[in-house]
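Worksheet: one structure, shown below.
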Amino acid sequence: MFSNHLDEISNKSFGVGSLLELQVYKNNIKSITAEAFLNTGSRVNIYLQCYHLTGIPFLYKNLTATCVTGSVLPKIRFQSGYSTTVKGNLRQGGFNCSFNKKILECTPCPSGFYGNRLNGCQACPQGGFYQDDVGRINCSLCSKGTFVNHSGGKSKEECALCPEGTDFTRHAGNRACFCKINYARTHRFQGCSICLEEGVNCVDDFKSLHPGYYWNWSFPGANITEYSSFVFHLKNDSVKYNEANQQYRYKIPQAHKCPIRLSCENQNSSSAYGIKGRCKVGYRGWLCSKCQKTFYSVLNTCFPCPDKIWIILEAAAILCLVLGVYLLILWQGKEYDRNKRSGRTILDKITSQMKIVLGFYQVVGELFESFHDVTWVGPLAFIGEILSFLKINILRVVIRPHCFSEKLYIDAKLQFIISLCFPIAVFSILVSCYQVWKLYLKFRKPSVVDRGKKLKELKNKFLTYAILLLFITYPPTCDVIFKLYPGACKTFYIFKNDTSVYITLLRSDFDLKCETLKTYQLLAYVATVAYVVSFPFVLLLLLRRYCKKHATNDHQGETIQYFEPHLNDTVNENEYLLSKRCESDVLPVWVKFLCENYKPQYWYWEIIELARKVTQTVLVTLLGWEDTLTKLLTIGTSVLFLTLHARLSPMMSNFEQRLQMFSLSAIFINVLIASVPIPQNYQAPLSTILIVINMIIILIIAGEVVFYFIRFIRRKFLHVSKN
């Protein structure tokens, strides 16, 4: 008769002569009259819960009453024939049944336990649960903000206040209360600690990664397997969690911001299987900064490798373009020699403007690679390839050796070796060709005068090639050298507030540990003296030798005037554009390349430009854009050179002066915007605007070239018409 909502027993309710045992517990019985058990059989056992009785009833001698408590429990016995059905029903009603000599004995679940049809009596789980009654099929709930710190809670008094950092307004559940917002825990039944670390998402009581951040679990002191299991069972707020995984006993690594936000995708990072963090498809390595096997990099953005046939065709197209430029140079040179006139040709003007473009994009490309979180997708991917190409990353962008074979991957060490060998190879090849040609002329036996003249012309031509190649590759070569400096290493501390565990990686290539680069760092210092300093110094001495004298003479003479021909002008393209300037046949071609677009008194300005390009990127390379000193000096350098160009106007051509001013202004805008924190919702459109600004220069030059050729073709057409 248990669990029947009885509150009183009276009026011979159980006056049955055959009654042997009566179980009326789990009823709130308050009173029992003396006549209730009149005329019952002999030796009757009554089991009831006594704490609701208002008085002690009168019992006859044949009656025995037992108060059922958590430790005093009655047993119900059944013959084996009833075992299957009865066992299931009683288990479902809060009993635990077992066989004793083929007799089924069932006992109500004690306090602190509840009945389960499959497993019998189960202890109330640790957390916000207790049970102070017997034979119950569920547990009672603790008040909000309280929990029982052990399983099998037997009374409400055992519900204690939840620990610090938890939410007292919610039921505890199967833990020591849920954590507050921005709090996390490492033990299911202990307190929560505040969680305001950058890049860490504290939801569901544990730490996970925000997109755009990276952490590494491979260091001693961290255990991703245990943490994944802890998170998996913590998210399972039911009695089915594994008690062995209720605590994470190791450290959690701190999150580091990824250079390219979208590369650290961290899909499903709040799940147990994604808690480690995941790079976007195509990315790998520390901070997801490297490309996978079948991808190649453009300004730190990874793209799938195209088919090899397309790579070959693109490389062939670039080779044809270079060959076409070379043939144009030869043709202009012959026209120049045939006309025997000095002054600026179309090629001279295009070359001068391309120097401005090349210098601009070499700086901007490095800046974008260092601090702009730009998504190079769609048409922007093509622009990114142009920027990388103009940075002279030809191997990476055009040939893409990594797409042919993983063994051809070019890391920072191999780049450094190639950069050091390139100047040596250039001079070695040209000197060898010169000696071969000299030997050839010796066997041909021309006149001494002709042989000397040809050798002089060849020497001048080879020197022009060498200086041109080294001039173009100087900024990226310096960049490669600076990237191996000890100052270009970055130290990452793995755990917060723990400086004992760290890793020091090369900022430009996170695959390389700096402790393995001691030899390369020493060679970088040697290369700085032998190339970074020596090359512009030698150029300065040569320019001083050839140009200073002519600049002084011109400056003391008549006023130099420069004019730009218009589309309707019919002057010859080899006609003087600069009057009263030093005779061009006196100056070698390579000298003209370096100084012919500057006013005579500023013959040294190209060396200043080399210094500017290196200065504006060296601090970003060494210290990273996050360093305050880098921002201050980079902005200061931009302002300084912008002011100098505005004040001195060193360019002869007004068009080239305005073009240079625009390029310096664009660099200043890039640096300035990068120094100011930009809200996330403005970053994508602002990056697009910056790219458009940076591409305007090349569009201006393209329009200028088209203008020159239209004028050239029109002049030729008029010349043919007159004839």
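Placed from the backbone N, Cα and C atoms, the Cβ positions cover glycine too.
Copied over from TrEMBL:
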DOMAIN    114-159  domain 'Tyrosine-protein kinase ephrin type A/B receptor-like'
TRANSMEM  309-331  transmembrane segment
TRANSMEM  374-394  transmembrane segment
TRANSMEM  414-441  transmembrane segment
TRANSMEM  462-482  transmembrane segment
TRANSMEM  522-543  transmembrane segment
TRANSMEM  659-678  transmembrane segment
TRANSMEM  684-710  transmembrane segment
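The stretch with the most CB contacts under 8 Å to the transmembrane segment (462-482), chosen from 414-441, 522-543, 659-678, is 414-441. Helix first, then strand, then coil: DSSP counts for the domain 'Tyrosine-protein kinase ephrin type A/B receptor-like' (114-159) stand at 3 helix, 15 strand, 28 coil.
Here the domain 'Tyrosine-protein kinase ephrin type A/B receptor-like' (114-159) returns a mean pLDDT of 90 for the predicted model.
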